[in-house]
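As recorded in TrEMBL:
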- 577-591: compositional bias 'Basic residues' (COMPBIAS)
- 524-749: domain 'STAS' (DOMAIN)
- 574-595: region 'Disordered' (REGION)
- 95-122: transmembrane segment (TRANSMEM)
- 177-199: transmembrane segment (TRANSMEM)
- 342-362: transmembrane segment (TRANSMEM)
- 374-397: transmembrane segment (TRANSMEM)
- 409-427: transmembrane segment (TRANSMEM)
- 471-496: transmembrane segment (TRANSMEM)
Amino acid sequence: MDSRAGSAKYRVERQVLDEQRLEELTRRKTFSEIHKPLTDRLKDTFRCTLPKLKRSVMSSCPVLYWLPKYSVWDYGMPDLVSGISVGIMHLPQGLAYALLASVPPVFGLYTSLYPALIYFFFGTSRHNSIGTFTVLSIMVGSVTERLAPDEFFLKTNGTNLTLEMDVAARDAYRVQVAAATTFLGGLIQVLLGVIKFGFVGTYLSEPLVRAYTSAAAAHAVVAQLKYLFKVSPKRFTGPLSQVYTLVDLCLSLPKTHLPTLLVSSVTIVLLTGAKELNSFLSTKLPVPIPVELITIVAATLLSSTIDLNNNYSVSVVGEIPSGLSAPSVPNLSLFGDVIGDAFALAIVGYAVSISLGKTFALKHGYKVDSNQELVALGLSNAVGSFFQCFSVCSSMSRSLVQETTGGKTQMAGVASALIVLVTILKLGMLFQELPKAVLASIVLVNLKGMFKQYSDVVTLWRRSKIDLAVWLVTWVSTMLLNLDLGLAASIAFALFTVTFRTQMPTYSVLGNVPGTELYVDIETHREAREVPGVTIFRSSATVYFANAELYLEALKEKSGLDIGKMIIYKRRQEAKQRRRERRAKRRAKRQAKGEVGNVQGNGTVFVIPTAPQTPDGCSRWEYLKGGHPDSTSLGWMSELQDGDTTTLGSSSEDTLSRDLEQVSLGSLGKWTWDIHSIILDLSTANFIDTVAIQTLKNIFRDFSEIDVDIYFSGCQASVVEQLERGDFFSETLRKQHLFVSVHDAVLYCLNHPVTLHSSVTTSDR
């Protein structure tokens, strides 16, 4: 071994290993030993033991695991400080995001209370802050406004016979719609968690989620503009509804209420400046300044002092009832109308929560159970819907505050819920004079982080064009098709890109790096050298039904062999040879009777052996055209047509038949090639299906017909197992054709006798 850094050398000697020899050495278990029978697995599943019951209870209700170990001395004060900080953020966000959901603001406070308490018992993330979230709120708002538009609640004023809005009836029905959607979405999440479907969130890639949230932020802006300008655009539904709404809103701008616009502008400017100052001082402050809470307190005091509602017609929050409302069963009759939206809410909410949870878990060294998170989030939504809550998930801003202020466990969520509870019971009425324009401004400023995600376009352009396509398609489809159909179209396109990339992989021929056992693409590496007589073929993706045919075509192209034409030619020549053999037998009988004719040359091609036949049946062949062979030994060939070929070994019929049977395609003189073995590198295959197995069988069969041997290398154990179950191995195709590595296969090809396909003999190799 060379001790110099970067130039270590090792000499390793071992025998060449194929899969059969590897099984003998490692004593690989059989399929039945690895996989228990179905009856045994069912027995293990339903067998109840005390340890198993304890694990099941602990995993279903994680609070029973960590709460008995909770240290008040170590975790109490950090959790309390963190919970108060997050609770202060809950108040303005709950009130503001209720406007996004198109329900009265007090229901935003309910949504910040009940789900957080449910998550405390069933959640596994220590830093996720469960409650209102921008994207989910706007998704709920799209449902409530679609099923309960303003025009459905117009009534005639009995005094002056004019139409006016029944706001109380509209808001009550919208709350029912939001609760029904939330309950159904929570039920879907619970069912997915119970059947261990937590991996569904992995189908939402980061570019897809970021593009979707960016488009949802644009939806939120459009939804809040009517509060900022105090205009009443028409409500549109279906595809392109956002475009129509935005156009109608622009047409309504001449009717802008100037006092409301002034309140909105001042709030946005002051809030933006305060947030920038907060970010600048974040390293010096132990707790972030609650700028949103300060804003709503100041706005409420100012509104009450000046009486903005009565003097300047600025819309305010209005009555906020004190106390908690009694639980009620969601309206089951609405399920049929909201099931699609509920599924979209369930998937998006889970994707956001699990991504945040895994980020914090990785940073702080604990584990988040994806299936249990589905159950916890589903129960938070389902139980919360009985208290008129709308859909919740973890909030990025609140979760970051909970983590940066020192939160250690889910107890921080309980502390934040207590802050919200005190507000609902005692302080809610103080916010009745809060202008809605201030809440809309808070929403708008909090969307700044999502608008920064538009820089992803530049980043993805440099890194991955396919991910950029996913981002753009997601954004466009979400903007044009609305949030539910946009999500479905985005997922479908993302899955299509995966299928497309596996269907159109990179195919390469590998060469050896001199002096090593490394094999790399000869087209991209200058020092790679192709192994003489051996073609090593690799696909960058697994072989399955979608790309099996392309795999075969690429193999033919890279090897340079037109298999189809070669096999057709060989079979035609074999048919001709069988006809010649029959004519030769008839001619021999006539010769025996003295009926021998004159042999005349007519330009026929004759193939005769020029060297004695070797024991394995190989010999050199000589091609003659237009000659006059000896009439005694070749007289029977006068009946052959011009261009026909045959073989001769001796004058006896047995020898003649044996030579005819051993004629290879190369001996027919049509093609010559220098490949005697092809190695298929299957190290990239993690599974294989029946179509791929049949394709590999066809490759082995077709190339064997032209005397090219096929070997496989780098097969994973699961692939070997699938080949066995697919009846891949036979007398001709055995496990000796599967090698542990490419190098093992190359050594075998170079040292093992192979079937010859041209005028080259074994001794010449």
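Glycine is treated like the rest: Cβ placed from N, Cα and C.
Within the chain, the transmembrane segment (95-122) has long-range Cβ neighbours (under 8 A, six or more residues past its boundaries) at 60-63, 128-134, 137-138, 140-141, 144-145, 171, 174-175, 178, 220, 223-224, 227, 296, 317-318, 320-321, 324-325, 372, 375-377, 379-381, 383-384, 387-390, 392, 410-411, 413-414, 416-417, 420-421, 423-424, 428, 431, 434, 436, 439-440, 442-443, 446. Contact between the transmembrane segment (177-199) and the transmembrane segment (471-496) is not supported: fewer than 3 Cβ pairs lie under 8 Å, counting only residues 6 or more apart in sequence. Residues of the same chain lying 6 or more positions beyond the ends of the transmembrane segment (471-496) and with a Cβ under 8 Å from any Cβ of it are 135, 138-139, 142, 203-205, 207-208, 210-212, 214-216, 218-219, 238-243, 340-341, 344, 347-348, 456-457, 460. On the 0 to 100 pLDDT scale, the domain 'STAS' (524-749) averages 71 in the predicted structure. Note: the region 'Disordered' (574-595) comprises 19 helix, 0 strand, 3 coil (DSSP; helix = H, G, I, strand = E, B).
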